[in-house]
Amino acid sequence: MKIAILSRDGTLYSCRRLREAAQQRGHQVEILDPLSCYMNVSPVASSIHYKGRQLPHFDAVIPRIGSAITYYGTAALRQFELLGSYPLNESVAITRARDKLRSLQLLARQGIDLPLTGIAHSPDDTSDLIAMVGGAPLVVKLVEGTQGIGVVLAETRQAAESVIDAFRGLNAHILVQEYIAEAKGCDIRCLVVGNEVVAAIERRAKEGDFRSNLHRGGMATVAQISDEERAIAIKATQTLGLDVAGVDILRATRGPLVMEVNASPGLEGVETTTGVDIASRMIAWIERQATPEFCLKIGG
């Protein structure tokens, strides 16, 4: 197969591993910067051009699109879809997962347990918003934040009100969640490919922090997950229509709670911690799914 990887930086670990895995399985791979793709949208001769040439047909496309370029990145991916390429995560599913409010609404509708969550823009009654999630301590996040940026733990009601008021001054959407103290700064990242959790790690926040993101200095170890956690991770992935996802789960007293579903999970932390060849699992999934019938259907 001819496979395109959409990424702004082909030297990143995940891109390198996906290219290696695909080539080892006999596929041709090209890494394309989605922002350098430009498109001819036509009822008779739609095409995608890249650095002065028209791109050939690709059997499959692997989107590694950062949140900062979601709009144009998914637009480029959608053009590949319309031309009959199989996407490892459809553009509509990526957009759905990147919209934190929409994704939480969909997960909740499917009965997937979440931390108590309130979302607001300019709440007239900050006290009521805080009470909605059970009071302090609580976590205040910018809806557009990623990798732990724009996330604050407010230990008291007064601190929570101050943080919410400060964020409101940024003219930003605010997400307020209950603080799961019993998780003790840890979460579980389940890497889902298709209908299977292929690997799971426990991420522990560095001392003095509560954010477990590896980009923030968190530590990772292999996680043993329960059947319930496994089922929830798969259900969350399928609810958002994703083929591949990193599902972040908090272990609360009342059971596992889904914190976030990442549509473009990094492979480095999970592969190096667990030793699982996730990249090859992803390519194998493409091989099973990128049938002519599927590509004809998604191409419209």
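Cβ atoms are placed via backbone N, Cα and C, with glycine included.
On a predicted model such as this, the values are computed, not experimentally measured, just so you know.
If you check Swiss-Prot, you get these features:
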- 104-287: domain 'ATP-grasp' (DOMAIN)
- Lys141, Glu178, Tyr179, Asp187, Arg211, Ser212, Asn213: ATP binding site (BINDING)
- Asp248, Glu260: Mg(2+) 1 binding site (BINDING)
- Asp248, Glu260: Mn(2+) 1 binding site (BINDING)
- Glu260, Asn262: Mn(2+) 2 binding site (BINDING)
- Glu260, Asn262: Mg(2+) 2 binding site (BINDING)
Using a Cβ-Cβ cut-off under 8 angstroms and a sequence gap of six or more, which residues of the chain neighbour Glu260 (Mg(2+) 1 binding site)? Lys100, Val247, Asp248
Average the pLDDT scores across the domain 'ATP-grasp' (104-287) and report the rounded value. 89
Sorry to bug you, but what's the C-alpha spacing from Asp187 (ATP binding site) to Asn262 (Mn(2+) 2 binding site), rounded to the closest Å? 14
Comparing local Cβ density (other Cβ atoms within 10 Å) for the binding-site residues Glu178, Asp187 points to Asp187
So what sits near Lys141 (ATP binding site) in its own chain, CB-to-CB under 8 Å and at least six residues off in sequence? Gly150, Val151, Val152, Ile174, Leu175, Val176, Gln177
